[in-house]
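Data block below; observations after.
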C-alpha cells in the first residue's frame, strides 16, 4: 500500500509541476483561449490512453507503474477545475463563443486524443 501511495504522490507532484510550467508559459499566448490548460488536457488524455492501452497488453508489469502514470502524473497534469473556472470567466466576460469553443476543444479534443492513443498502441502491437 505504501508503494502505491508513494507512486501516486510522486506522479502527481511531477504532473502538477508540469501543468504549472506549461500554463505559465502558454496561458498568456491568447487573451481568449487558455492555451496552456488545453495543451495539458490534450497531452494528459493522450498519455492516459497510451498507458491504459499499453498496460492492458502488458499485464506482467507491476500495476503500481500504471497508477504512477495515470492517477499520479495524468491526474496532476490535467485539470478539470481550472478548465471549468476559465470557461466561467469567459462567460462572465460575455465571450460566449470562446467559452463554447474552449469546452469543445477540451472535451472533444481530449476524447479524440485518448482514442488516438488506443488506436496507435493497438496498431503498433498488431504488427
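Cβ atoms are placed via backbone N, Cα and C, with glycine included.
Per Swiss-Prot, transmembrane segment is recorded for 4-24, 35-55, 71-91, 101-121, and the stated evidence type is sequence analysis. Look at Swiss-Prot and you will find 75, 78 tagged as Na(+) binding site, backed by sequence analysis.
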Exercise for the section: May I ask which of the stretches 4-24, 35-55, 71-91 has the most CB pairs under 8 A with the transmembrane segment (101-121)? Expected result: 35-55
Exercise for the section: Please report the DSSP secondary structure of residue 78 (Na(+) binding site), reduced to three states. Expected result: coil
